[in-house]
Amino acid sequence: MVSLVAGVRRRLPASTLGRNLLLVLAALVVVVLLLELTDPFRNSQLATMSYYAIAAAGLTVLTGLNGQISLGHGALMAVGAYAMGLLLNTGVVPFPLAMLAAAAVTAVVGVVVGAAAARLHGPYLAGATLALAIGVPGLAIHFDGVFGGEQGLQISSPRPPDWFADVIYFLFANEAGSAKYFAYIGWLTLLAVLLLLSNLVASRYGRVWRAIRDDEVAAELAGVPLGRLRVLAFVVSAACAGLAGAVLGIVVRLAAPSGFTIVLSLSLLTAVVVGGLGSLGGALLGSALLVFLPPAVTGLGMQAGLTGVQAAQLAPLAYGVVLVTVMLLAPGGAMGIARALWHARPRRRFAQQPANTHRMDEEPSTTDATEPGGRT
Amino acid sequence: MTETAALEVRDLTASYGPVTALDGVTIRAERGRITAVLGANGAGKTTLLRSVSGLVPTSSGQVLLGDRELTRASAETIARAGIAQVPEGRGVITELTVEENLRLGDLLGTARRRQRHRLEQVYALFPVLAERRRRDAHSLSGGERQMLVIGRALLCAPEVLLLDEPSLGLAPQIVAQIFGVLRELVDHDGMTVLLVEQNARSALSIADAGFVLNLGRVVAGDSAAVLAADDDLRHAYLGF
Amino acid sequence: MVAPTAVPRGAATTMSEPLIEGIAGRNRRTMQQFLNVALNGLSQGAIYAAFALALVLIWRSTRIINFAQGSMGMFTTYIALALIESGRSYWVGFAVALLAGLLLGALVERLVIRRVEGGPELNAVIVTLGLFVALQALAAILFGATYRSFPAPFGLHGFDVGGVNIALTPFNLFAIGAVVVVMLALVALFRFTDVGLRMRASAFNQEVSRLLGVPVGRMLTLGWALAAMVGSLSGLLIAGGSLVFPAYMDAVIVYGFVAAVLGGLDSPVGAVVGGLVMGMTLSVVSGYLGSELVALAALAILVTVLLVRPRGLFSRTAVRQV
Amino acid sequence: MNKHIGRRDLLRAGGWGLAAATAGSLFGACGAGGRPGGSSEVGITGNTVKIGAHFPLTGVAAPGYSDIPTGTKAYFDYVNAHGGVNGRKIEYIFRDDAYNPSNTSQVVNELVLQDQVFAIVGGLGTAPHSAVLDFLNSEGVPDLFVSSGSLLWDQPKKNPYTFGWQPDYEVEGKIIGRYVHRNMPNARVGLFLQDDDFGDDGEKGARAYLGDQVVAAQRYVSGNTDVAPQIAALQAAGADLVLGFNVPSYTALSQLASLKLNYRPQWFYSNVGSDPALVGSLLSRFSKGEVSGASMLDGVITTEYLAGVEEADDPWVELWQQVWDAHGGEGELTNFRLYGMAEAYTFVQTLQAAGPDPTRDGLVAALEKVGAELQGPGLAPFRYSGDSHAGMAGVKVSRLAGNSTEKLSPVFVTDNGKAEITEYTGRNPGPPPNGIPSVEPVG
């Protein structure tokens, strides 16, 4: 019995990789269908969603898994977008290489920021990263010769190559505009990121990150090099933000300070929280919300008789209210609710387990004492 | 055991989620006596104290302070009614100074002068606290912290003092000093003490009566002398 | 062509200035500039200090950084503006805004914060951020997203002392005075009163406080209410003699936070000193290095403080995890 | 940030039967990136024409700018109430981009791909609009009258569908620079600049004539409301004339800072920043009589290209007021709204010029053809042609006095770079009686 369990455990990482690969293949089919069945406008919305999702997936590793909050991911996306722009504008760097380079540059920045952040907690970290989000855009203005100042750096995005249009037309009889091309770039990048991250999450690193989040002292006593792992989480997360910035650069064709305000950082946090802290699926869901909620809410507001100017405020209002409500009523986010429903349905036995678990820690021995079955 | 007990717990049941921590516990603490609650780690002793002072919700049973029913009252109300608990270990607020910790004990907002007077009484009881009154409580040793929390509880002028493992981790002579003070308070001021101890031998040495808990149930209750003399009980539950 | 009647005022006297005044004149102007920039920083610093005081107050009572503080202060300032524009005196608006702040703080604590207190730190941070965004949007819907001017009860002219300009207006002096008074009141509250002691105890250790009969819930509500009142004050002081719009407190949130951390999040005196230091530093950075580097300078100060002296300059607490 | 626009003035002449007449839709061919069903008649039906715009309606840039589309909409409603253009009602959709280029790209995608607008009219801001320049031009969507004075909109080779509207900042800077150099040759000039292309282009234009008269240049970043350090630096440099390329809120802030510093130079604000009604109302409410409204701005020199609300008896302002009273929503008529109306007016002219069956390319061609001769609220003519998509060619210099303005110079016109500055002698005939232009279709 014991050996069987151990055997399964030993095979687990391999099967995780396999399962994830399968999932990604399935996802690929879904993405292609999604992009081919929707109109160019939905394509462009999906392109936008892809860069939010890449950044949110990275943030969920940092915040959900390792418990470090960051309000500065918008600034990291800016690093990626500017790097992307500078590289593409040279006219010689092919865009996939530029994307990797942008991610690498941002990862290096992540090492610096992460080293400082690893020593901070909760509100301090939040405040420091907030200052980062507000301070960094100033650099683009100060060095306007390189970064184009306030009006931004125009980016020569790649044009859809002929073979792409041919393939799309051959397979689906659809015309392939740049919106579609960008959406493909974004979603392929996103899938790659999700594959890598989900393997990372299931790996030893993922477990150690969770351990640090849940009980730092215990993790440290167990010999975990806290600082180094924290920085690592930050670097992974920063690389994702950089990649997201690179995709944003391609899609928006501009990197400007006004594109990377604190609002962007807060939006990413909203996506991560609403989707479900710590869940990659949640990050995806949350990003969808960021893209599809504002037009919907604004539309509702207009129907309800608000002026266009007032209705536009409903989107930030909804963000704020949703953030608070989710934290108060369903801290697990959408994925948390889904998981609870899933578990509640088939097996009634566990359904009444109360959520109030932290109290049990206070007298843990009680649990042992009432379960004498442990010895038999 | 004829007159009204200072503190009486009747048939108290409490659980953490699905786990029942107290299962119909009934005990009495007689006025002007020290009553010990003994048992192995995990027997439910701390839960009992925390239920009495309102920190753990109970599902059934009663808590009576004299004639007054305190079942399911809030922790603040219970404290104001005259039950002071000295929690295990973490009772000192390390960020405050020694004197600020003590002042917290005086919850009825006694007039300043009287407050001063009572503080001096505590300082007289524990002179080491007087020396360190302006220091952050953070700087105190384990024994000093225990003295501080006991002193603070005394400033509440409680009818009943609940102590959770006061001897834990302290050197024997400090334990002896603290127990000496307790004995004096009971004998001279007529205070009632309910003492939770894992170290049954030393608890029974100063207690007048005792109860033994196991897996959330009372398995024995008698005078300290009788309990100390019961070999079976000692071997099975008290470990000495 | 229209004749140019426009010989600039003062031009006649200053035109030949370089010849007459020479280097001495330029030096005098340079000194005057530094004095102006520093004093301007002082009055800006008073504002950061007021905001930092509000953060300190909440930190001391609930160990939470209230990122919604700016939005709350903004909201109550709009209430004051509505009253003033309807014809009431400045002081009626001022008083009502402070009371509204008190109420808003208590409400927010009772309805929202209560449910995340004691939970993971992250949840409280996220909730206050959510409130920040929501309140700002709500204000834009209710009061409009345009620039409005907010009156000041005192003058807005700088003093001129023997030809030297003192870049402080009567209103600036009022703001600095108000901040000092609030700081002293808070120090007194925490150090000398039982309520203050109980508020601190509740913040540090809820369970022990409850065992000692401290009505912890009420203390937390009180802490938030007082903090929100101080936050409203900071909103009013920033607004006075300047422009308000729903996002006008945004920058102050960051600078006030840095000021509070610089002084030590536990210390009202530290908050004020931190605020003044921040104000002067940022003013000098803006005047001599460039206005776009101000936020970056704030970041640099914050990181330096956190890494070199994480307890801040004035915190008394021996050990602090940051 | 470069959220500015300008306004005001009028007067000027020119016959207005100039519009030639030939069939407009010779330009049927589609632009680059042919889309499915990519006919040029997107957004047009027998009785409607749908157009879109992006503005900051939320966030830090919203104050002020969010007024503009309400003015535009009011004028379109006015036109619709009078039967529309060639029997078509104008449907105007404006969406919020919060002045964030990423959002602009999203909402413009929505407008073009989802709402299927015929054209984008008046999209605001240099950075936000730069993000959609490429997209609109590759999709062949007319991108008319960008609300910004950046030089980016005048690249007819690269961006054949994009047109500027207001005088660009360089042209304005040149006219200001020459005026100061000629009339105040001894002034020691300090520049107070918004830290973006607005300030940069303005500075470039002004320095072309002022040269060594400039003793200091200080820049502020939008969002940082403490400008006292910048003003103190100008004061320390001994500037006795401060030339501001800044937005109206920063006019108010710079005035307040100079009060604090006891600094009293001659102020010269470029058109964008000198909105006396707005700034005056902002300043008047500050303190008990100490700052008495627009009187604080008395004597301030500025430039004009549209008549502003403070000139209530100007025929164009009378028209705008009438439109706003009938079709406006809440609030007063402001110069921001007036700016929006003036842009709307130019669009109606362009649509008329494009003939009864307008196409996207036809619209652009018509504007290139007759744009330079359009008679509207602007004081100076547009520079539109096949080779130029630049907006108005010039401004006049005037001085604020009480609640009105006093003319200091005629309207000067010029072009970018080394072009000469000349006096414009045309006269503005005022609005047509019914307030709706009647431009002949180009042939």
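Just so you know, the numbers here start at 1 and follow the chain as drawn.
From the backbone N, Cα and C atoms, a Cβ is placed for every residue, glycine too.
Just so you know, TrEMBL annotations are computer predictions that nobody has curated.
Small disclaimer: the values here were computed from a predicted structure and weren't measured.
Per TrEMBL, the feature region 'Disordered' maps to A:351-376.
Summarising the annotation, TrEMBL assigns transmembrane segment to A:21-37 (among others).
The transmembrane segment annotation in TrEMBL covers A:49-67 (among others). Distant neighbours of the transmembrane segment (A:49-67): 73, 77, 183, 186-187, 189-190, 193-194, 197, 200-201, 206, 209-210, 212-213, 229-230, 233-234, 236-241, 243-245, 247-248, 251, 267-269, 271-272, 275-280, 282-284, 286-288, 290-292; these residues of the same chain sit at least 6 beyond its ends, with a Cβ under 8 Å from one of its Cβ atoms.
Under the heading transmembrane segment, TrEMBL lists A:98-117 (among others).
TrEMBL lists A:124-143 (among others) with the feature transmembrane segment.
Feature annotation from TrEMBL assigns transmembrane segment to A:181-202 (among others). With a threshold of 8 Å between CB atoms, the same-chain residues lying at least 6 positions outside the transmembrane segment (A:181-202) that come near it are 12-13, 16-17, 20-21, 23-24, 27-28, 31, 35, 43-44, 46-47, 49-51, 53-54, 57-58, 61, 65, 95, 99, 157-160, 164, 236, 240, 243, 247, 250-251, 280, 284.
Within the same chain, residues 44, 47-48, 50-52, 54-55, 57-59, 61-62, 65-66, 68, 70, 73, 76-85, 88, 95, 98-99, 102-107, 109-111, 113-115, 117-118, 155, 157-158, 182, 185-186, 189, 193, 197, 200, 205, 209, 259 sit at least 6 positions outside the transmembrane segment (A:231-252) and bring their C-beta atoms closer than 8 Å to a C-beta of that stretch. Look at TrEMBL and you will find A:231-252 (among others) tagged as transmembrane segment.
For A:258-277 (among others), the entry in TrEMBL reads transmembrane segment.
Positions annotated as transmembrane segment by TrEMBL: A:284-305 (among others).
Feature annotation from TrEMBL assigns transmembrane segment to A:317-342 (among others).
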Contact ranking winner - A:21-37, A:98-117, A:317-342 against the transmembrane segment (A:124-143), Cβ under 8 Å: A:98-117
Cβ pairs under 8 Å between the transmembrane segment (A:317-342) and the transmembrane segment (A:21-37), at least three: no
Contacting positions for the transmembrane segment (A:284-305) when only residues 6+ beyond its ends and CB under 8 Å are counted: 45-46, 48-49, 52-53, 56-57, 194, 267, 270-276, 311-312, 314-315, 318-319, 322, 333-335
